[in-house]
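If you check TrEMBL, you get these features:
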- A:9-27: transmembrane segment (TRANSMEM)
- A:94-293: domain 'ABC transmembrane type-1' (DOMAIN)
- A:98-121: transmembrane segment (TRANSMEM)
- A:133-161: transmembrane segment (TRANSMEM)
- A:173-193: transmembrane segment (TRANSMEM)
- A:232-254: transmembrane segment (TRANSMEM)
- A:274-300: transmembrane segment (TRANSMEM)
Amino acid sequence: MWSYVFRRVLMTIPTILVVITVCYLMLHLTPGGPFDTERKVSEAVMANLQAKYHLDLPLWQQYLYYLKGLLQGDLGASFRYADWSVNELVAKALPVSLTIGGVSLLISVVIGVLLGTVAALRQNSAIDYLVMLIGNLGSAFPSFVIGPVLILVFALWLSWLPSGGWQDFELRYMVLPMALLTFINVSTIGRVMRGSLIEVMSSNFIRTARAKGLPTRTIVLRHAFKPALMPVVSVLGPLAISSITAAVVTESVFSLPGIGKLIVNGASNRDYTLVLGLVVLITVLAVLLNLLVDLAYALLDPKIRY
Amino acid sequence: MLLKNKQNALGDALLAAGLDALPVAGRSPWRDARERFFRNKAAVVSLVLLLLITLACVFGPMLLPHSFDDTDWDAMALAPTWQNMHLFGTDELGRDLLVRTLIGGRISLMVGLLATIASVAIGIAWGATAGFIGGRVDTLMMRLVDMMYAVPYLLIAILMVTLLGREFYLVVLTITVFSWMDMARVVRGQTLAIKSKEYIEAAHAIGVSTPAIIFRHIVPNLLGIVVIYTTVTVPGVILTESVLSFLGLGVQEPMTSWGVLIEEGTGVMETTPWMLLFPGALLSLTLYCANYIGDGMRDALDPKDR
């Protein structure tokens with residue numbers, strides 16, 4: 001077990017390094033420096049600027065400087081937002097994204113598992129059809145179609161909620177984005193839970209439990225629930241990654257000042273360091289999340305031996 | 001002797017009854033699969049719809065009286081109307097939305113087709129190589145695939161599009177880079193499995209040549225899974241293109257795609273909701289159909305999986 005944990009933890013390092021290196025190289029092999037588009041500056045100022053950002057050094061030294069900065073938790077300076085470091089921009093945006101994404105992921109695990117369980121136990125009931133409907137809608141309708149439709153209905157036609165924007169973690173502004181993310185996640189979790197519980201309920205040990213005369217409630221809660229949760233745990237990793245994608249879209253749709261909005265703005269402003277910094281940060285987060293999910297899986301599933 | 005006569009007599013009787021062809025006629029697995037697919041109503045309806053959408057996107061713009069970038073100052077932000085054939089209405093520049101949606105569909109479907117072909121080719125080559133060679137090479141190649149999975153692909157795609165540019169073929173390239181891993185994994189697994197099958201050994205034993213083994217016994221067995229995962233890749237690729245376009249990082253004006261149109265529609269949905277609803281509905285319908293065709297293919301070609 002511990003050797004597996006050790007190996008699994010070690011594996012994250014090359015992944016993170018490869019991503020950083022590839023992105024860094026891509027950034028620096030594209031023609032044009034970060035100050036080319038600015039108005040003409042004098043030779044001396046240019047030289048100073050270049051020296052400040054280590055742009056006068058050979059590439060591998062710049063790269064080492066960047067890595068050193070990263071190790072100290074410094075993502076560098078933004079090339080577009082003057083006087084802002086990437087760290088400061090991230091510090092402002094990350095809480096927004098984490099709140100929206102984290103809370104909605106928690107809610108959707110609870111709702112998804114509940115709905116999936118009921119759907120599996122009462123096949124062809126109304127709840128079963130609801131789960132299948134949500135699953136179908138979630139897989140076919142992209143978040144950037146559902147999102148605007150939510151705004152159209154709840155903000156513009158019914159005017160219950162604001163159509164977007166953000167004000168100091170006020171709940172009114174979080175409802176629609178969280179509803180969208182929850183819907184997308186529930187569509188996956190509900191489907192997976194339903195499928196896996198149906199499979200578990202038809203297995204031999206459940207038949208034995210039934211034969212012993214245990215009531216259904218005990219069978220489900222005691223025997224079926226835990227093994228049925230395993231696929232849900234394993235889908236959490238990919239789900240966390242797709243939540244990042246969904247967050248980028250959601251923040252664009254509802255114009256929330258989160259990480260996703262920051263990266264899209266950075267991309268359209270060609271703010272290279274900002275985009276690179278965010279990509280590095282989120283990759284590290286995603287890789288760590290995957291690691292956690294894998295370790296949790298190893299811990300929970302007694303069938304896996306290492 | 002007597003027995004043989006009896007057999008002959010039986011054979012003659014069968015011949016006479018016209019039943020001779022019954023036990024002999026072979027049924028190819030492909031014919032079986034085709035029959036299974038066409039029994040699946042949802043898949044067939046989806047296939048027909050998708051064909052109709054494709055035909056409309058390819059030929060529609062030629063048949064309609066408007067061009068996708070013609071502005072009509074007398075018909076700005078027109079609601080859907082029969083008049084002047086503005087069936088989907090017009091946008092705020094007076095461009096016909098039906099033609100724009102169809103042209104956008106051309107781009108989306110084209111990107112979908114090209115990126116799918118490219119990623120399927122890469123995936124097969126990568127997976128088959130890893131599977132055939134095995135050993136260290138296999139481990140290394142598959143480790144890279146694992147890495148790609150752990151990375152939040154949309155962010156790196158955003159970085160790539162930012163750096164490389166938004167030409168049509170660069171968008172295809174960017175999407176391809178993050179779409180081939182499923183295929184590689186599946187093809188590798190299948191190659192490994194087939195390599196050690198008894199019928200391959202048997203073919204070797206009776207002296208079938210290696211190319212004949214590959215083309216008669218390995219490729220057909222690989223083909224089923226390749227077809228399944230190709231159909232599964234299509235909606236994913238179209239979705240990624242739409243997300244990029246929606247974020248303003250896809251093809252550029254006056255060219256358009258479904259993602260771009262949805263983004264434009266989102267901005268003006270209060271006054272002209274049809275600009276959001278028509279492209280959104282068409283994209284969703286396409287994804288829905290592609291998903292169902294994928295399901296149908298899976299059921300048809302992989303009967304064990306049911």
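Glycine is treated like the rest: Cβ placed from N, Cα and C.
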Residues from the same chain, set at least six apart from the ends of the transmembrane segment (A:98-121), whose C-beta lies under 8 A from its own: 127-128, 130-132, 134, 169, 174, 177-178, 181-182, 185-186, 188-195, 197-198, 201, 216, 220, 225, 228-229, 232, 236, 239-240, 243-244, 247, 250-251, 256, 258
Intrachain neighbours beyond the transmembrane segment (A:133-161), with Cβ under 8 angstroms and 6 or more residues off its ends: 115, 172, 175-177, 179-180, 183-184, 186-188, 190-191, 246, 249-250, 252-254
Residue numbers, six or more beyond the limits of the transmembrane segment (A:9-27), whose CB comes under 8 Å of its CB atoms: 63, 66-67, 70, 272, 276, 279-280, 283-284, 287-288, 291
